[in-house]
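Feature annotation from TrEMBL assigns compositional bias 'Basic and acidic residues' to 336-347. The region 'Disordered' annotation in TrEMBL covers 336-365. Look at TrEMBL and you will find 45-63, 83-105, 112-134, 140-163, 175-196, 208-229, 241-260, 306-326 tagged as transmembrane segment.
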Amino acid sequence: MQTYLLSQQFDTRPLAENSTACPANATICSGTSCVLPEDNFNETLSIILSTVLTIMLALVMFSMGCNVDIKKFWGHIKRPWGIFVGFLCQFGIMPLTAFLLSLAFNVLPIQAVVVLIMGCCPGGTASNVIAYWVDGDMDLSISMTTCSTLFAMGMMPLCLFVYTKMWTDSNAIVLPYDSIGISLVALIIPVSFGIYVNHRWPSKAKVILKVGSIVGAILIVLIAVVGGILYKGSWIISPKLWIIGTIFPAAGYSLGFFLARVAGLSWHRCRTVSLETGMQNTQLCSTIVQLSFSPEQLELMFTFPLIYSIFQLLFALLILGGYRLYRRYRVKTKTDVEKTEEKEDSKSASSHAKINGGFVSNETK
């Protein structure tokens, strides 16, 4: 405390200018070890933005619920083949991929653990927004997100116990069950209201859905920007984690789509499972990491959830752009072919009528 007071009374800038070890705003310096003052701006910004993001997320999930048919949704629950395939992808493919990537790149044990935590997290809510834009099965998307968050209560400890044995004691990892529970409640309540609105007032639900999709786009971009602002000082980490953060979401999207197709799901459900597999709940991963590790350990791995979040978003936008181009080209081509066939049929009918002296019906004009 005395050292802290002295540092507040005296100007430490000359000392900082003569030494490259400590920054100018350091409060406590001992050799090369420095303690920086708390950044109240970041703390205040974090509270404000967390509140705004929570409200926006509730609105987005409410609007996504407006696109869910209660009968179809209940059908997925009663015949959960699609949910089961998603479960295998979420808690089978993703943890195994995380384990193999950690071995392949030979990262530090503490870094391998954060990669595995990311692989064991449930699906994120951003997948519901992207699934809507790629004409996915929204009933399946919502049910998969809900079920994966619910199953995470038991599957996350199990997967971490199995895969982290060679790097750390799984008991050292603190799972925030309260955060998982809050995520589940924040998902179920708005979606339930949305389903009810869609059932009672379908026309109003369509308007809400359009507004919600726009808010969802703003929300996704805002989350990425907020992460960059709040954690701008944490981007200097091992290049290996940058590479893993790039490969991991791409592998999740690809393997999820492949397994869904092998399981015999339709194309729009394959797209849904793919997005639900690759898009993880990165906020939950960040929470687990902060609760489980010391500040010294966080320096080596805290940024990985942010890196994963950025690349999962980039690849999702590439999937969206590719699908939109494909759809526009396919629909345009199909329409042109149909128009050509109609014109040929019309000409054929007209010439046939002229030759035989018959009449031409209004349908062929």
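Including glycine, each Cβ sits where the backbone N, Cα and C put it.
Please treat TrEMBL annotations as automatic predictions, because they have not gone through curation.
As the structure is a computational prediction, the values presented were derived from the model and not from experiment.
Away from its own ends, the transmembrane segment (140-163) comes close to residues 64-65, 68, 73, 76-77, 80, 82-83, 86-87, 90-91, 95-96, 98-99, 116-117, 119-125, 127-128, 131-132, 170, 173, 175, 177, 180, 183-184, 187-188, 191, 269, 272-273, 275-276, 281, 284 of its chain (Cβ-Cβ under 8 Å, at least six residues beyond either end). Using a Cβ-Cβ cut-off under 8 Å and counting only residues 6 or more beyond its ends in the same chain, the transmembrane segment (83-105) has close neighbours at 76-77, 111-112, 115-116, 118-120, 122-123, 140, 143-144, 147-148, 151, 155, 159, 162-163, 167, 240, 243-244, 247-248, 251-252, 255-256, 259-260, 263, 265, 273, 276-277, 280.
Outside the transmembrane segment (112-134) by six or more residues, the chain places 57, 60-61, 64, 67, 86, 90-91, 94-99, 101-102, 141-142, 144-145, 148-149, 151-152, 155-156, 159-160, 163-164, 167-168, 173, 180, 183, 187, 209, 213, 216-217, 219-220, 223, 241, 244, 248, 271-272, 275-285, 288-289, 301-302, 304-305, 308, 313, 316, 319-320, 323 with a CB less than 8 A from a CB of the stretch.
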